[in-house]
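The structure appears right after this line, and notes come after that.
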């Protein structure tokens, strides 16, 4: 028998019957009102009841708790547009769409509007009670609808479900359909609740309490989370737990080809000094950081091959050319594997193209003839011939990768790398990577603390990019919460945006800056078009920003911008990390600049509040920064639109009352150095051998082949992947040493000057970090 904390028997339904949807909705209502650990406890009680009375329904309950219909890689998504939901609510309740919209403006939550509309509706007969499996199956059917009349069919199906809802059920049904539950319950909390439930459902002795019970729950939570990391499939996880026990999860739910895992990610770093501090007395390797898309390539024992994105989306149909050619890359005796790689766009000469180009590739049936040509850079092996390798050190994984896979010219290569702890060599290797259209370097431990940490951003991997060396340690991916109407040159489009980070604990978006810099006219036109379908009448309750920042138009969380900035500061108005700072104030960006749209990220994948706080604390100036000084700066006074200057395209950020030039203008306007042909590299004197490595420089066979074709392909593959066999050709001042690269011009000093009026250049959108690390 399951007992609540009050000691009384919890509300039950008949054993063996289906879980009532109302019981699930009431649980969500309670969770919405609770905070912290109490949310997990409440959900754990519900899961325990399900295990006791209707264990077959547990999988549907768990998926609905995380607002999913299946594993991410199956691609079943709800996310019904707000306008369609309004139509369905109006149809189900007999009210006009205008009245529904009016209530929505007042309430700010369509789920609440639907609940009240149904409660006020007179019914001739009480509808049959909904069950969790019934709702889950209906939602799955709705998600699978496609074709020209799919939206009308969805509205009809949703309307029918709403008619069957009673009371609180309508609120959470609509929220699920919208794709946002907004109860402050993240996936990690659901996994914890599941671990607690597996513990509580087995305990019949009420004397098992206190530390002993907590210890049992903690052990099972660890089992559940470990199993889910390697096998992110609730169907499989719950099946094993029910049939073989929670103790069998780690052994039975291992990494398996065909089930993508969330990749290991890197922490940003601003220079060599930080790298050497982090990796003191550790062997490490440096790899070029390619400007592409993360590609997780799986081969099963039956020969099927799949390619998944960093978000576990199935990209197999996007890269049929890779699937077709990969067999030639696989060595003899290889039966199954999971490879971590980077897919990069190249031109006909083999020159690396930016991620912006790759993002234009067709999502289905793309080839060299009708799409963007790509190559694959392999850098890690996670599973090989039936054995998971994630707990083995990188050196061993890399050895197996290079032994059992082959380079195929024009298609597959190993990531260009060098094993070294010498700062001069790292500097030179960084310069070479930047010269060859890469974003910078990935620095990784080889032997100690060198396992593959699934779904974690680890300090065992560091990324050093050209865009933030000696500046803020990383770019940010921020959600567009709202926009401000444009004037002057920007009349008819949006002139600027309100951006926010994501707080996964509260499931809220917290404002972090206003932005109006870095956009081309093409960018603004494209964004305006995209956002028209995302407009909502009122800022939702899960948007946190000061009333003085209210935008002209507000949007549902959809579009994600990659942004860089000069500085991160305490803010009296912005809400980012406001509950995490010492004084409770928020954090904001100074001189933010748009880089590109992150098509590969959902709104919940945006930079988190904790990451923003960490970036603030990691600034070099943090130790000397006084809050009083930070408070004196109103970062939004720097948001100014140049509406009367025909020659100016971009907005200029100016501090109120300041006549000084933008202090970040040099740093943010440097362009990527132009690619240099292999012959130009050879004219420069080679870098002197370091004390660590005095072996002669060897010429890469790939480079020789490329030179015969008289193309710059050698620029991509010029360095050896073996220790002490580097092919570093460029001797140029490193940006790490605060000097410009030879290709930097003084134009960047003029381009953002606030005292001079210079014609704005028509530039292509800067394409940088795909954050595919």
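Backbone N, Cα and C atoms are what each Cβ position is placed from, and that goes for glycine too.
Note that this is a predicted model, so its numbers are computed, not measured.
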Of 342, 399, 508, 510, residue recorded by Swiss-Prot at the ATP site of 287, 294, 444, 463: 342
Stated Swiss-Prot location of region 'Interaction with target DNA', expressed as one of 150-159, 160-169, 170-179, 180-189: 180-189
Pairwise Cα distance for residue 289 (active site, N6-AMP-lysine intermediate)/residue 37 (site 'Interaction with target DNA') [Å, integer]: 39
Residue 37 (site 'Interaction with target DNA'), number of other Cβ atoms within 10 Å: 10
Proximal but sequence-remote residues of the same chain as residue 311 (site 'Interaction with target DNA') (Cβ under 8 Å, at least 6 apart): 72, 600, 601, 602, 605
Residue 439 (Mg(2+) 2 binding site) versus residue 294 (ATP binding site) - Cα distance in angstrom: 14
Recorded ATP binding residues, 287, 294, 342, 444, 463 - maximal Cα separation rounded to whole Å: 17
Nearest-integer angstrom distance between the alpha carbons (Cα) of residue 463 (ATP binding site) and residue 439 (Mg(2+) 2 binding site): 9
Residue 294 (ATP binding site) in three-state DSSP notation: strand
Rounded to the nearest Å - Cα separation of residue 342 (ATP binding site) and residue 37 (site 'Interaction with target DNA'): 39
